[in-house]
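Report on the structure given below.
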Amino acid sequence: MASSSVEKDLERLENLQVGDPPETESQPTTSWPVRQEPRPDDHPWHNSGISSSSHAKQRRSLATNNQNVGICNTHIRPTEDIFNANDPRIKEDINSIIMQYLSDEGYYASQAVLYDETNVKWKEREERTIEAKRLKKAILDGDWQEVEKLCTKPLVKNHRSFLYSVYKLQYLEYIEKREIQKAFTFLNKRLKPLEHLQTNPNEFKDLCYLLTAKSIHEAQSFKNWEGIMAARENLADQLQNMLDFETADRTGNRYTPPDRLLTMLRQAVAYQIEFSRYHPKIAPAVNSLLEDYTSFVIPNAVGANCIGHQGNVKCVEFIGEDGKQIVSGSSDNTLRIWETETGECLDIMDGHRSRIWDISSTRLGDFVASASGDSTIKIWSVKNAKASCTNTLTGHAGDVYSVKYHPNENHLVTGGYDKTVRLYDVVTGATIKSFLGHQLAVTKTIFNPLGNLVISGSKDNTIKFWDIVSGLCIRTISSHLGEVTSVEMNSSGTLLLSSSKDNSNRLWDVRMVRPIRKLKGHQNTSKNFVRAGFADNNLIVGGSEDGNVYIWDQATGEVLQKLRGHSGVVYEAAWNAKQSMLASCSDDQTVKVWWYDEKVPLEA
């Protein structure tokens with residue numbers, strides 16, 4: 001079943017060139033918090049004889065430069081209501097700041113272009129002011145022919161509402177002058193099409209009544225009519241008020257303090273550092289502004305135990321980017337929401353008739369999708385204290401093992417026992433496209449960051465890349481020797497991480513479709529489904545059948561930390577960048593939240 005609207009949305013996305021070779025071997029860059037540590041993409045140990053063991057020691061040493069101060073709930077959040085980005089004054093301030101920076105850096109040509117472009121808007125504003133003066137004069141003079149000519153081009157946002165006011169006054173003047181035939185024609189030709197814009201429910205009816213009334217004051221809507229000149233003055237004032245509201249404070253040429261852009265950027269980074277969970281003991285040197293500051297930490301201690309599930313916990317995820325809450329899915333057929341800081345159970349979501357295999361959350365954390373052994377996917381609204389199921393998606397025959405939100409969050413991709421990958425419309429619940437080609441159950445489905453590819457892992461030992469518009473498989477990886485239990489992609493879409501029952505996690509260069517390295521040490525040979533994922537600062541986290549959570553160094557493949565605490569298989573470990581915390585779920589029916597405690601030694 002195809003959807004033209006979805007295809008139109010997605011066709012505009014640039015197709016990922018999977019086969020294009022990179023200029024160099026891809027290693028994602030990272031913002032490093034302290035000056036002493038080189039950037040990971042420099043990898044000096046690769047060239048200077050430094051062993052991977054020494055590198056691991058350096059990484060552990062780096063992690064000790066942070067102190068866990070906990071979450072700060074009292075500061076003002078940087079939400080959209082702090083200022084209106086569409087406020088003309090704010091836009092002018094931004095332009096002024098950018099022009100100042102361009103001038104300070106010597107980009108005079110670019111500054112001149114921006115200045116000219118912003119001045120075009122000033123010129124348009126000046127022209128509009130002149131037209132507004134002419135319109136006000138024409139209204140006061142009763143020159144309705146000139147008024148109509150000037151009103152052909154909108155001067156205010158609510159142009160049609162203003163036009164209704166103009167026509168209403170013109171009509172009332174006809175009535176006042178007892179030009180009834182002109183009034184009747186004008187009513188039908190001009191006012192009737194704008195009837196829906198009347199200011200009160202009975203106004204148009206009263207306008208019609210005036211055709212037979214002796215006086216304007218007889219109509220309830222116009223009992224306060226003060227005469228033609230007063231009405232013209234009121235209409236001119238109405239126009240001026242509308243213009244003033246839309247162009248308030250557009251004086252321009254306001255003073256811009258020196259280095260305003262750099263000052264605000266430094267304030268923003270200082271804000272991020274101050275209100276992060278971990279405070280650096282050494283002054284950080286941030287070398288990228290493209291991502292929020294996060295301290296480099298390696299979780300090493302249990303921060304909270306989430307206890308309450310009556311069956312093994314198959315999946316766990318932080319809710320939204322803020323990660324203040326966690327959602328888990330269990331073989332007891334329920335999902336539970338936990339408070340990240342304390343591990344308190346905030347809500348239990350019943351509705352599935354079989355175990356929960358996978359979950360996915362939206363970026364804002366307002367919705368959660370769950371995939372179940374009952375062949376359904378449920379969409380849960382978690383905006384309120386009590387979660388509610390808003391939709392149930394059907395179509396799979398058998399267990400649904402995987403669910404993931406599209407980057408636009410209007411669609412979901414799922415995979416299951418029936419060997420199919422399905423793309424759903426979240427709002428309607430309709431299956432938009434099915435991707436067929438796997439020979440056994442599909443265990444994990446994700447999107448690339450652009451949202452134009454679906455990547456799926458399967459029990460048939462393969463990983464497939466699907467074009468979301470055509471539905472065609474454009475690449476297959478068949479290197480794993482066991483069932484593929486999970487696939488994940490990094491934020492830039494250059495690296496793919498796969499987990500398999502051949503006892504390995506593998507890192508792939510997506511552009512070359514070739515393996516970069518194996519990550520070993522854990523156990524993954526028999527259980528459904530042990531999964532791994534990316535974490536900040538070039539770390540990889542994952543579960544294991546030996547009951548430990550493993551943290552690997554992405555650059556070397558070495559195990560940096562084994563987190564011991566679960567008493568059964570660890571199925572999954574999820575990382576949250578905002579909290580710099582890890583959540584894991586296990587066969588022991590618990591979810592554990594892990595953080596960095598400087599009192600506990602970092603040991604693999």
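Cβ from N, Cα, C; glycine included.
According to TrEMBL, the feature compositional bias 'Basic and acidic residues' maps to 1-14 (among others).
What TrEMBL records for 24-33 (among others) is compositional bias 'Polar residues'.
The compositional bias 'Basic and acidic residues' annotation in TrEMBL covers 36-45 (among others).
The compositional bias 'Polar residues' annotation in TrEMBL covers 48-63 (among others).
Marked as domain 'CTLH' by TrEMBL: 128-182.
Annotated region 'Disordered' per TrEMBL: 1-63, in sequence order.
As a whole-number mean, the pLDDT of the repeat 'WD' (306-348) in this prediction is 96. The repeat 'WD' annotation in TrEMBL covers 306-348 (among others).
The repeat 'WD' annotation in TrEMBL covers 349-390 (among others). Proximity of distant same-chain residues to the repeat 'WD' (349-390), defined by a Cβ-Cβ separation under 8 Å and at least 6 residues beyond the stretch ends, is recorded for 311, 314-322, 324-325, 327-337, 396-405, 409, 412, 414, 416, 424, 426, 444, 529.
Feature annotation from TrEMBL assigns repeat 'WD' to 393-434 (among others). Among residues of the same chain six or more beyond the repeat 'WD' (393-434), those with a C-beta under 8 A of the stretch's C-beta atoms are 1-3, 6, 9, 354, 357-363, 367, 369-373, 375-379, 440-447, 449-451, 454, 456, 458, 466, 468, 471, 528-529.
Residues annotated as repeat 'WD' in TrEMBL: 435-476 (among others). Counting residues 6+ beyond its ends, the repeat 'WD' (435-476) has Cβ neighbours under 8 Å at 7, 10-11, 13-16, 18-19, 358, 398-399, 401-404, 406-408, 413-423, 482-489, 491-493, 496, 498-500, 510, 513, 528-529, 531 in the same chain.
Here TrEMBL flags 477-518 (among others) as repeat 'WD'.
The repeat 'WD' annotation in TrEMBL covers 536-562 (among others). Among residues of the same chain six or more beyond the repeat 'WD' (536-562), those with a C-beta under 8 A of the stretch's C-beta atoms are 27-28, 30, 32, 40, 43, 45, 52-53, 55-56, 59-60, 294, 296, 298-300, 497, 499, 505, 507, 517-527, 530, 568-575, 577, 580, 582, 584-586, 588, 594, 602-604.
Taken through DSSP, the repeat 'WD' (563-594) splits into 0 helix, 20 strand, 12 coil. Sequence annotations record features per position, and here TrEMBL assigns repeat 'WD' to 563-594 (among others).
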